[in-house]
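Quick look at what TrEMBL lists:
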- 426, 464, 465, 492, 493, 513: S-adenosyl-L-methionine binding site (BINDING)
- 66-226: domain 'N-acetyltransferase' (DOMAIN)
- 337-594: domain 'SAM-dependent methyltransferase TRM5/TYW2-type' (DOMAIN)
- 601-621: region 'Disordered' (REGION)
């Protein structure tokens, strides 16, 4: 019968202590008292006073008492009629047979003083294996309140009553499911401590949409680790620890030496401490075949072995340990993510998406510096290199602050392009640029190159087409106090270069950091430097390549766009990073060749000048 019932149920995991922490302080607002009588429920007094908020005229419970009674054969038909009105699912006979004979305290109806049934909660106890132990958990099958009595805290009180019973009975955890479109129910449970576990497709085949959400319960990870401790005088700790090498506890994030709990105040300096041993050591005799000399030493020192319990909970386990319990067996566990200020940026695979919210919540819980977890929902296809994302956990706050290369950057992560994985590449270029250089940064973004090189003393002309990048570029220039060295522009890259050349601005370095299309902008250079005096600028241009011979591919593409040849011996290729299988990001760098920089007229003029100088030199000789 239980199996039939459970197929009808939708389930989320709930942290019981957290639920109680988050239940509102009902005394704070203007409240009316409601007396609850829970027949046969030992964990609540027969007349325990709870409070509910003042109702509007749609919620006429303000002057009425509510009584909770267990569901049995005498009132199960009232539950049936109420469920027919409340829920889109038609519950079968097995469901009503079960709740009429359920364990005491877990299935109950709420009645007004007039004897009208106005709400109900139905739960089922389940025997499950958790961390190698058999435990009971509670599944909330239904929780409903008639429309006119909602917002009266009745749903909260019903939920609170079964949670109280579950705590008394020391159940492992409580869980339920909610239909994915039922935002009212989702908000109700979120406000009371529930967390996403995963998204379940087609859970309710009889209704639309058929999907539902389950939630995370941190109580699942409570475990008592029983070990042996050696009681040692504080002054002998170092010597004994050295002797016990190889037999120590040595577990991540746990100390091998802990205060002795038998001391009056174990956390102050005391005469003795416990050295904890690994699980293989159950008493001194188990050490005998392993190390007879060690056993002799321990006996000689009259050191005692004592039992010690270590209480582990959700806070102890690492991300991969938690997710290995929550995700299906065999599913890859997200092992890394990009950190941008307080944001963790994930790129989840398709098979991980149903579990995206629990993945996000665990990452949020386990990284103190993270306040927001996002997942990229599509590829980067906009001209500003931004990408669509969704918040999986935490605050919906995209305004971040990042420190890199002696600079501080502020920006909105959803509005501009930023990649923390490029930090080393930024640093590589910054180190190559001298304080005497003048930099033309054609696609500067919010300033990861422009601002640090200005901090180092270089003059910079910095440009970006994205208005939001331009906004944050100016903010970061001011924030880092380099206004006198950086001139910001909000232009197309070609227009920006033409403007500098028309104004006869001199620069020694050109940065083109827009790998998706930067190579195409090399067409802005040919024949545009006729006025130029001195050495031509050195260009750093970023691009992607999926060719087998990356250098040949990038060089030929650059030459085709510029309409001239590059000297391979004077051209540098730097592999920045792997972007995808068989796709890499590359930086090609070279000094702009005269044959490309100057127009045909300028080149002809230079050739004539060269011939004239040779003739004059010959005549002089």
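Every residue, even glycine, has its Cβ placed from backbone N, Cα and C.
Any TrEMBL annotation is an automated prediction that lacks curation.
Location within the structure of each feature annotated in TrEMBL.
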residue: 426; record: S-adenosyl-L-methionine binding site; DSSP class: helix
residue: 464; record: S-adenosyl-L-methionine binding site; DSSP class: coil
residue: 492; record: S-adenosyl-L-methionine binding site; DSSP class: coil
residue: 513; record: S-adenosyl-L-methionine binding site; DSSP class: coil
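Sequence-distant contacts (6 or more apart, same chain, Cβ under 8 Å) of residue 493 (S-adenosyl-L-methionine binding site) comprise 442, 443, 463, 465, 512, 514, 521, 524.
Cβ-based crowding with a 10 Å cutoff singles out 464 as the top-ranked of the binding-site residues 464, 492. The binding residues for S-adenosyl-L-methionine are recorded as 426, 464, 465, 492, 493, 513; their greatest pairwise CA distance is 22 Å. The Cβ of residue 426 (S-adenosyl-L-methionine binding site) lies under 8 Å from the Cβ of 404, 405, 448, 449, 452, each on the same chain and at least six residues away in sequence. Close to residue 513 (S-adenosyl-L-methionine binding site) in the fold, though at least 6 residues off in sequence, lie 441, 443, 444, 445, 449, 540, 542, each with a CB less than 8 Å from its CB. The domain 'SAM-dependent methyltransferase TRM5/TYW2-type' (337-594) scores a mean pLDDT of 93 in the predicted structure.
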